[in-house]
């Protein structure tokens, strides 16, 4: 009996029903709730699992390199990045039959293959990889790192190598190590790689281990560094006629501030990127020497926080007590980490298309669309997770005595004001935006499009103008041709920036109008409503007017009966669950907007977006319906084309999504009856009755059914849109 799953909870292991399996899976990673867990074991388990995570990441990236080297066409793609389609890997069994084999044999391959829309080809090319041998070498190196990570994870679980709790709670040492050791040193190393390998590679010089020490990255070597003439490293940059990967039009500069894009590759100048990483390295190496460790110099985090008491008493005792609260709560730390990572991931989405760093990626439209959408969805999930762990912190780790009258306690004290203001903002945005859209819909329906309410986003246009966009005619700051900032920009800093901003072939500062104004506010509605649900869930996690003793019920309790006036949708878990729907909804609007605006930009018919995006029917008809037609014809009675796999995924995504509602809109008594009936029939059917359950089948709990429903809803939603996005973009632009 002792070996039954889950081993970490004897109580669950002895449960006679199928709850055992469900609750076992649900609490497998909740180390805090496991039998005989101690604080020390908790920290050690998490630390060891980080190495496991790293091992998986290294193995996965190694697999990407290996499969492209084995089954891809990297070497022929390098010869002509704009016209050869990059191959991700072979397809063993294309569906269905000979027409499918022919449809998927492309990119110069001998058999059926998948096209890569991840941007790895452009990335590897930009950083100096050129041959399949390079890819195999990289794959082997990452495989080696993966093995090292696994060994490190195992090692840190052995008695002799287990770190102590005091080691985990040494905030200053960890800060110094992460800032200097991880960010600083890795950025410096990356600058080194760019200067020694990638930039020579972009100029037609093949640098590898055999000639690495013979090739000078700059004609003057290290002399300018030691003599203080650093400006020499910026002189003679690549010319605007430079052909990437060749010496034609190449310069000798290694660290520049050109700004804008390389005319041929449409990506940022590699020498600008190297300069950026060097600056980041410098900042983080300095930052990583600021905190007090064994040497008695530098800042103490505790002293810093204790000293943060704003004058005038407006924030009470300021940051007093925060150090111990944060340092002793893993959930608080995880919440902060997830919030930061979520924002960073969304910024990656925004910057990968507006300031593309990889050669030729801007001309690979499907990849641009896929990467933007991918990073926005990931950001959404990570950000909602931040609030989930914030709520768990309030339930499990928050100590009111330790935080009396500090900023944290004051957040809880005036939560009603915070929640009601967020609620007001959401209602205002929702009703006004929908009102404008619906008004415009009605005007179109009655044949009077001139009666639409169209609002120019003048403030946003003014901000774009201030950064140098001249087409609006604002004549302000960088768009004012006779201003000092404009003239300085021509020579001193980023001379290519203003050209890039006003060039219409890239995605930097796209021209915006009434359609953008409306969808911007629709997205603002989604963001504010998601935030409202998440903030309310976290701030009410310990208790609310209706249920003041919520803390004693934990994070994910089900309804507490009708006694308090009904307590469904009131646990912190319920708030997270509802927020994820809003998050998906919001990211949907964000990606619809991005994709449609870019499709019309790439096709050269921006007026379609401008005219149709001001009313809902325009979005439904001219974006969704119009762009799904090719996809739905992936296979039809006449045969199969290369979009068939996406057509199938589109259908399958809808199926998974719809299945979610079976769990979301369900009455538990009915499910229990259904399960009992199925079990009864099973036990009385020949052959089927040879299989017996050890556990008595019972219906899912309310919380479980919501989780299963949410998982299906999310997966189906994302599968459906991914198929639509990739098929509609690749169908148009090859």
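Every residue gets a Cβ built from N, Cα and C, even glycine.
Copied over from Swiss-Prot, here are the features:
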BINDING   559, 568  [4Fe-4S] cluster binding site
BINDING   654  chlorophyll a B1 binding site
BINDING   662, 670  chlorophyll a B3 binding site
BINDING   671  phylloquinone binding site
TRANSMEM  46-69  transmembrane segment
TRANSMEM  135-158  transmembrane segment
TRANSMEM  175-199  transmembrane segment
TRANSMEM  273-291  transmembrane segment
TRANSMEM  330-353  transmembrane segment
TRANSMEM  369-395  transmembrane segment
TRANSMEM  417-439  transmembrane segment
TRANSMEM  517-535  transmembrane segment
TRANSMEM  575-596  transmembrane segment
TRANSMEM  643-665  transmembrane segment
TRANSMEM  707-727  transmembrane segment
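The stretch from 46-69, 175-199, 369-395 with the most CB pairs below 8 A to the transmembrane segment (517-535) is 369-395. A simple way to gauge crowding: the CB of residue 670 (chlorophyll a B3 binding site) has 10 other CB atoms within 10 angstroms, across all the protein chains here. DSSP classifies residue 559 ([4Fe-4S] cluster binding site) as coil under the three-state reduction. Counting only the Cα atoms, the space from the residue listed as 'phylloquinone binding site' to residue 662 (chlorophyll a B3 binding site) is about 11 angstrom. Within its own chain, the transmembrane segment (369-395) has Cβ neighbours under 8 Å at 117-119, 329, 331-332, 334-336, 338-339, 341-343, 345-346, 348-349, 352-353, 412, 530, 534-535, 537-539, 541-542, 550-551, 554-555, 572-573, 575-576, 579-580, 583-584, 586-587, 590-591, 594-595, 598, 718, 721-722, 725-726, 729, counting only residues six or more beyond its boundaries. Sequence-distant neighbours of residue 662 (chlorophyll a B3 binding site) (same chain, six or more apart, CB under 8 Å from its CB) are 709, listed in sequence order. In the shown protein chains, 12 other C-beta atoms lie within 10 A of the C-beta of residue 568 ([4Fe-4S] cluster binding site).
Beyond the transmembrane segment (135-158), the same-chain residues lying 6 or more positions past its ends with a Cβ under 8 Å from any Cβ of the stretch are 44, 47-52, 54-56, 58-59, 61-63, 65-66, 68-69, 74, 124, 129. In this structure the alpha carbons, written CA, of residue 559 ([4Fe-4S] cluster binding site) and residue 670 (chlorophyll a B3 binding site) are 18 Å apart.
Within the same chain, the residues at least 6 positions away from the residue listed as 'chlorophyll a B1 binding site' whose Cβ sits under 8 Å from its Cβ are 716, 720, listed in sequence order. Away from its own ends, the transmembrane segment (417-439) comes close to residues 411, 452-453, 455, 518, 521-522, 524-525, 528-529, 531-532, 535-536, 539, 614-616 of its chain (Cβ-Cβ under 8 Å, at least six residues beyond either end).
Using a Cβ-Cβ cut-off under 8 Å and counting only residues 6 or more beyond its ends in the same chain, the transmembrane segment (643-665) has close neighbours at 95, 100, 103-104, 628, 630-635, 700, 705-706, 708-724, 726-727, 730-731. In the three-state DSSP assignment, the secondary structure recorded for residue 568 ([4Fe-4S] cluster binding site) is coil. Distance between Cα atoms for residue 568 ([4Fe-4S] cluster binding site) and residue 670 (chlorophyll a B3 binding site): 19 Å, as a whole number.
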